[in-house]
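Visitor: Copying in the features that TrEMBL gives for the protein in this structure:
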BINDING   A:ARG63, A:THR64, A:ARG113, A:HIS141, A:GLN144, A:GLY269, A:PRO270  carbamoyl phosphate binding site
BINDING   A:LYS91, A:ARG174, A:ARG228  L-aspartate binding site
Amino acid sequence: MSTTTEQLSTRHLLGIKDLNEHDIQLILDTAANFKEVLNRPIKKVPSLRDITIANVFFENSTRTRLSFELAEKRLSADIVNFAASSSSVSKGETLIDTVNNILAMKVDMIVMRHPYAGAGVFLSRHIDAQIVNAGDGAHEHPTQALLDSFSIRERYGDVAGRKVAIIGDILHSRVALSNILCLQKQGAEVMVCGPTTLIPKYITSLGVKVEHDLMKALNWCDVANMLRIQLERQDIAYFPSLREYSMLYGLNKEILDSLDKEITIMHPGPINRGVEITSDVADSKHSIILNQVENGVAVRMAVLYLLAGQRG
Amino acid sequence: MKQSILLEGAKFQITIKRLCQQLIENHGDFSNAVLIGIQPRGTYLAQRIQKEIQEMTGHTVQLGIMDITFYRDDFRMKGTSPLAANSTEIDFLVDDKEVILVDDVLWTGRTIRSAMDAIQAFGRPGKMELMVLVDRRFSRHLPIEPDYIGIQVDSIDSQRVIVSWEEVDQVDSIVLVTETK
């Protein structure tokens, strides 16, 4: 129990890189309180009733956008949604101009997804509002990593000491980098697994194990986080065919049953069923994929609440 | 710093027992009443009341603990940071129940206003009452008055009232602290 005033060490949430261990614990602890709120008959608190948030999405999203929108509504914030595809961006407006126009309408916080790495950092240097990165290119996706850690903590009690394998297209994944940083800051061991072409060359400098054999990775880990093959970001062919990838790196029921221990299966979505994971695994009791989605709202509420608390 | 003890020892226990008697007088077998302890320090009083009533009557009153951090009206106003939240555990609906809010010290009344807001998320109570161990008189910012009062204290804003509980502080006492220069 505590009545102390605690706050994040950062004004924006641009990436896990900027958070320290205390920040991560504070977010996850606060998220646990919000998860309780979400199980009440009335799932809403008035904390952010004087805050206006713009959801600015320059890239497609289902889960993240809905999750942020629900989190904002359950904190009583006013929200505006902006999708680049239906906006003046297609008429040639720059990022700063677009965002400054949104801010001119008295918006306090910006939740942004952008196809280019560093878009959030760039924006934070030029505008006054607080920025939450909802995914920037293949760089970071901090709220996804936080909700993944929250889900692991919920399953095992603690993230420290857990072995987590991130399997799939590491090269194009922002979820992978944010997860590696987030898990390591909490004392977990991390392994990445995938075909050589989809593992970044210098990834070992982050202190992660690298494995190319799916069975070895699964036998090592407590938690397997399966990533999607991001065909839309692949400008060249990184492997001969999806069928071959699926045979070598796809997780199915037979493989799962052949392990001598129970592991937890996670997936940040969207799932390509039959490619990186089969339906029977995705829907099995080992899978906490839908728990991740549920926890996403609570974690995003915690992030928005703690950031808003810093506005004097 | 000057400390004066307002209540301790046997008198403290008598006060708790009196509060229980008053509750029993109004709520009988507690079939429709619930206690809600307000986090963080109202929970100790609520638990103590529940235990005493159990011993005195054999009835177990339903008890919930509630955190009001997300309902505060001073969020972001102190120019510092949000208060870290505590847990809320209310495993029942309060629809049509007689809800007894329990807190240790009543001062400005703002916490209780937040609590009245927060309880609505668990249903529509039939009636709401307020029990406090210490009522700091003449210091209210809002028109809120308690139904059950342990002791009343006349104090000024710069003074602090600190309630200690044996469960966590090794002693039951109420102390008035005056900062001296």
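Backbone N, Cα and C atoms are what each Cβ position is placed from, and that goes for glycine too.
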Visitor: Taking Cα-Cα distance, which of the binding-site residues A:THR64, A:HIS141, A:GLY269 are within 10 Å of A:ARG228 (L-aspartate binding site)?
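Guide: Cα within 10 Å of A:ARG228 (L-aspartate binding site): A:GLY269.
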Visitor: What Cα-Cα separation, expressed in whole Å, is found between A:ARG174 (L-aspartate binding site) and A:HIS141 (carbamoyl phosphate binding site)?
Guide: 5
Visitor: Which value in Å gives the longest Cα to Cα span across the carbamoyl phosphate site residues A:ARG63, A:THR64, A:ARG113, A:HIS141, A:GLN144, A:GLY269, A:PRO270 as recorded?
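Guide: This binding site's residues have a maximal Cα-Cα distance of 16 Å.
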Visitor: 10 Å Cβ neighbour count around A:ARG174 (L-aspartate binding site)?
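Guide: For A:ARG174 (L-aspartate binding site), the 10 Å Cβ neighbour count is 23.
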Visitor: Is it possible to get the count of other C-beta atoms within 10 angstroms of the C-beta of A:ARG228 (L-aspartate binding site)?
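Guide: 19, counting other Cβ atoms within 10 Å of A:ARG228 (L-aspartate binding site).
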Visitor: Need one number for the L-aspartate-binding residues A:LYS91, A:ARG174, A:ARG228: the maximum pairwise CA distance in Å, whole number please.
Guide: 32
Visitor: Just jot down the residues in the same chain as A:HIS141 (carbamoyl phosphate binding site), at least 6 apart in sequence, with C-beta under 8 A of its C-beta; none if empty.
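Guide: Counting only residues 6 or more apart in sequence, the Cβ neighbours of A:HIS141 (carbamoyl phosphate binding site) under 8 Å are A:THR64, A:ASN133, A:ALA134, A:GLY135, A:ARG174, A:VAL175, A:SER178, A:PRO268.
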Visitor: Cα of A:PRO270 (carbamoyl phosphate binding site) to Cα of A:LYS91 (L-aspartate binding site): how many Å, rounded?
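Guide: It is 30 Å, counting Cα to Cα.
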